[in-house]
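Quick look at what TrEMBL lists:
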BINDING   LYS7, PHE8, GLY9, GLY10, THR173, ASP174, ARG184  ATP binding site
BINDING   THR47, GLU74  substrate binding site
DOMAIN    264-336  domain 'ACT'
DOMAIN    344-410  domain 'ACT'
Amino acid sequence: MALTVMKFGGTSVASVERLQKVADKVIRKKEAGDQVIVVVSAMGKTTDQLVSMAGEISDRPSKREMDVLLSTGEQVTIALLSMVLNERGHKAISYTGWQAGIKTEAVHENARIASIDTSLIRPQLNEGSIIIIAGFQGVTETGDITTLGRGGSDTSAVAIAEAFAAKRCEIYTDVTGVFTTDPRFVKKARKLKEISYDEMLEMAYLGAGVLHPRAVEYAKNSHLELVVCSSFTDEEGTVIKEEVSMETSKSVRGLAFEKNVTKVTLLGLPNNVSAVSHVFDTIADKKINIDVIVQNVLDEARTNLSFTVDQELLEETLDVLRGSEKELGYQQLIYESELAKLSIVGSGMASNPGVAAEMFHALASQKIKIKMISTSEIKVSTIIDEAKLIEALDTLHETFHLSEEESVSL
Ligand code: ASP
Ligand code: MG
C-alpha cells in the first residue's frame, strides 16, 4: 500500500478550527486508500512565544533547556490533532519525535537527524492507524531532547518520508505553492507547476521562505518527490523533483531576493596571500555570516575587499573590524546600508549563455545600478539599492517571461 507523508505548518494548525480543516485533508487521503503519516508544527506563533518567554529569564538560556521548551509546541499539536481525528471516527495515534525513534546528533537547537527507527510505529501504521508525529524534534543517543533549527518540521517530514519509503511528501502551507517570485511584491508572479531540487535549493537559500533548505537537500539526496500546496484550498501545488530534460526548460525559473543587506568594504588592505583569509577568520570567529564577496586588486601593495552581511549584523561586524584594524592593516572601513540582493535562478542557465548579460541589460535599461555580482551554475545574484527592488523584480519578471506558462514540463 502506498504511503504519503503530509506535513502541516504553524499557520495551518493555528487553532482547533483549523485542525478540523487539516483533519478533512488527512481523512480524504486516508479514504483514498493511502497509509498516512502526518507531521505537524507548533500551533501558530507558539514557538516564537516560547522563545520570548525564555528571553525574559535569560539573554542566553541553556540550549538544552531551550530544546526541552520548544519541543513542547509540537507536542500540543499532535495530541489535539489526534483527538480531532479520533473524534471523527478515524483511528489516529500521536508520537513525539523520540517516541517515533527519531535520533539526532548531540547538538542543541540545530541538530541533524542521524537515524529513524521505523520499527517503533510501523505496526500501528500497518494496522491502519493514522500516525501523527511531532516535527522539529528528536532525541540524542543519550536521551536528550533536541530540535532541528527554526522551520525544521519540513526536514522532519522529508526524513520520515524517506525512512518509511513514502511515495511522496506533501508540505501543506499558507501559500498555494512555489511562485516565480514573491506574489506580495510582484503582482504577476505565477505559481510554478514544477521546479527542480537544485532550483528550489537556490530559491530556498535565497530567501523564498516556503521550505526549509535542509528539507530540500534531504529530498534531493533520496530522490523523494516533494509537493508544496495549500492547507486551505484544493488547488494543485508545486512539485519539486529531479530534472528530466534541461534543453526545453526555460533558462530562468524564478527570482529570489533578500532585503536588509549591507555592504562592508575594507579599502587598502595589504595585497598579500593571507590578508583576505585573516579578515574572514576574524569575522567567522564571531559567527557572523557573510555572503557576496568581491575583491579588487589595486596594485602590487594594496587591495580592496567588499562583502555583504545582514543589516542586523552590521554593528557587530563593524566593531569586530575596527577592533582588529591594526592586525588587518586596512586603510579605511566604509559601508553602505539599505541594499537588496536580487537573483535569477534556473537550471537552464547552465547551458544557455547570455542569461547574465540579459539580466544586466534589463537592469541597465531601468537605470538600476549593480553594486556587486556573484554567480553559480544556476543563479546570478546582484546587489542593488533596496529602493529599486520592486522595479527590478518587475523588469526581470518581464524580461524572462516568467508570467507565461511553461510550454514544456521539466
Ligand atoms: N515550530 C518550529 C518553528 O516555528 C518548527 C517549524 O515550524 O517548522 O520554527
Ligand atoms: Mg515552515
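Even glycines carry a Cβ here, placed using N, Cα and C.
Shown on the structure are the features that TrEMBL records.
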residue	record	DSSP (3 states)
LYS7	ATP binding site	strand
THR47	substrate binding site	helix
GLU74	substrate binding site	helix
THR173	ATP binding site	strand
ARG184	ATP binding site	coil
By DSSP assignment, list the helix, strand and coil residue numbers for the domain 'ACT' (264-336), in that order.
28 helix, 26 strand, 19 coil
Which binding-site residues from the list LYS7, PHE8, GLU74, THR173 come close to ligand 2, meaning a Cβ under 6 Å from one of its atoms?
none
CB contacts for THR173 (ATP binding site) [other CB atoms within 10 A, all chains]:
23
Write out how many residues of the domain 'ACT' (344-410) are helix, how many strand and how many coil, based on DSSP.
30 helix, 14 strand, 23 coil
Round to a whole number and give the Cα-to-Cα distance in Å for the pair PHE8 (ATP binding site) and GLU74 (substrate binding site).
11
For the binding-site residues LYS7, PHE8, GLY10, THR47, THR173, ASP174, which residues place their CB under 6 A from an atom of ligand 1?
GLY10, THR47
Across all chains shown, how many C-beta atoms besides its own are within 10 angstroms of the C-beta of THR47 (substrate binding site)?
23
Least buried by Cβ count (within 10 Å) of the binding-site residues GLU74, ASP174:
ASP174
Radius 10 Å, atoms counted are CB only; among the binding-site residues LYS7, ARG184, which position scores highest?
LYS7
Neighbour count (Cβ, 10 Å) for GLY10 (ATP binding site):
23
For the binding-site residues PHE8, GLY9, which Cβ has the most other Cβ atoms within 10 Å, all shown protein chains included?
PHE8
Of the residues named as ATP binders, LYS7, PHE8, GLY9, GLY10, THR173, ASP174, ARG184, how far apart in Å are the Cα atoms of the most distant pair?
24
